[in-house]
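For reference, the structure discussed in these notes is given below.
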Amino acid sequence: MLFRDATLADGRVRDVRIEGESIAAVGTDLDATDESIDADGKLLLPGMIDAHVHFREPGFSHKETWTTGSKSAAAGGVTTVFDQPNTDPPTIDAESYNRKAELAAASLVEYAINGGVTDEWNPDELLAKPLGALGEVFLADSTGEMGIETDLFEDAIKRARDAGIPVTVHAEDATLFDESVRDRTDADAWSAYRTAEAEMRAIEHACGVAERLGSTVHIAHTSTPEGVDIAADAGMTCEVSPHHLFLSRDDLDELGTFGRMNPPLRSEDRRVGMFRRLVEGDIDIVATDHAPHTLEEKDASIWDTPSGVPGVETALPLLLEQARRGTISYERVRNVTATNVADIFGLESKGRIEEGFDADLVLVDPDASTDIRGTQLHSKCDWTPFEGRRGVFPELTTVRGMVVFCGGSFADHSGRNVRVWG
Ligand SMILES: [Zn+2]
């Protein structure tokens, strides 16, 4: 397959030839192959690597399955996902890992399976498996079943370091939540309750523990500019989720309980600060925290509705819309969605359009801006917090040289576990 005259993120116009599963050549006037795609005026990007999704299986297949989740990924230009361990059963030992691996084999895109750290985990069994990362580790979160204490956190950091995999941390200190807002019933109460301070102090704590051990952690879904600065100053990496870049507390009147997630939406000032840090470089990557729930489940009181929003299909389109408007460069979009993610999580054959790399590619018309509509997305949950926003969606997505998504239809393709075969 040959992409003819594609524009790369850095503005160069090149032919890109795929042979088998890999990029065989990047150049000019390359010889045509059996199949040639006219990419003149189109942008060719390395597929997004989403380091944070909840594809829900096993246990919650009414919310999402590996099939629907991975279709949603492919249609949004995501070619690799890292699945989080808070499924049922949680991924904390060999048996639960194997069960998830069997289900994940249905994925259309590449995947990695993360291991959970809880009091019940079996680290020897779990770390004998090819894990994407440990975590997201929930630090002493009394509200969740996966919250852990510092000694277990230290043990996890040491074991992950020995195994050569990252530790990702969900940083919110539940002891700093504001119980005084418990009698409020408006959607903004969730943001008032799970305070910005609770995130900042938890990031400080996590970075402090990692520093003391001479190791590193990756902070998941940071929502506060102050938290990003703490992580960056400590030399740690961090991610931001699309909802913290594009939504704020100002949107909660409209979103209602559909805008509840953890960490919660922050002030408009903080949202602007997050976007600036994404552009300027203190935020390393964008990861979606794709966490679908059904419409029925979300339609509940602010204290009863489950936390989480879908996002895997809209992340790259939202960022490409910003690049189209000139608020962020295409190179920066490429780095935060692919290149930096591959570097942080050690995916040596992914994240770049260069000879020898996996042919995980996304072709887009950079001017094809459309309205985002939840009913047109492919996640099982059928709604999006970004309803009515503009996005630039891919025309075509390849995974290891195979076209998995093109013009609204999907190929019959199996992704592979990047840690098994990579
Ligand atoms: Zn989380």
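Positions of Cβ are set from backbone N, Cα and C atoms, glycine also.
Because TrEMBL annotations are produced automatically, they should be read as predictions rather than curated entries.
So that you can see what the record holds, here are the features copied from TrEMBL:
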- 44-374: domain 'Amidohydrolase-related' (DOMAIN)
- HIS52, HIS54, GLU136, ASP289: Zn(2+) 1 binding site (BINDING)
- HIS54, PHE55, ARG56, ASN86, HIS293: substrate binding site (BINDING)
- GLU136, HIS170, HIS221: Zn(2+) 2 binding site (BINDING)
- ASP289: active site (ACT_SITE)
Out of PHE55, ASN86, HIS170, HIS293, the binding-site residues in the record, which is closest to GLU136 (Zn(2+) 1 binding site) when you go by Cα distance? HIS170
Where PHE55 (substrate binding site) and HIS221 (Zn(2+) 2 binding site) are concerned, what is their Cα separation in Å, rounded? 17
Of HIS52, HIS54, PHE55, ASN86, GLU136, HIS293, which binding-site residues come close to ligand 1, meaning Cβ under 6 Å from one of its atoms? GLU136
Report, as a single number, how many Cβ atoms besides its own are within 10 Å of the Cβ of HIS293 (substrate binding site). 27
Comparing the Cα of ASN86 (substrate binding site) with the Cα atoms of the binding-site residues HIS52, HIS54, HIS170, HIS221, ASP289, the shortest distance belongs to HIS54
I'd like to confirm something. Which of the binding-site residues, HIS170, HIS221, HIS293, has a Cα closest to the Cα of HIS54 (Zn(2+) 1 binding site)? HIS293
Work through the binding-site residues one by one (HIS52, HIS170, HIS221) and name whichever has its CA nearest to the CA of HIS293 (substrate binding site). HIS52
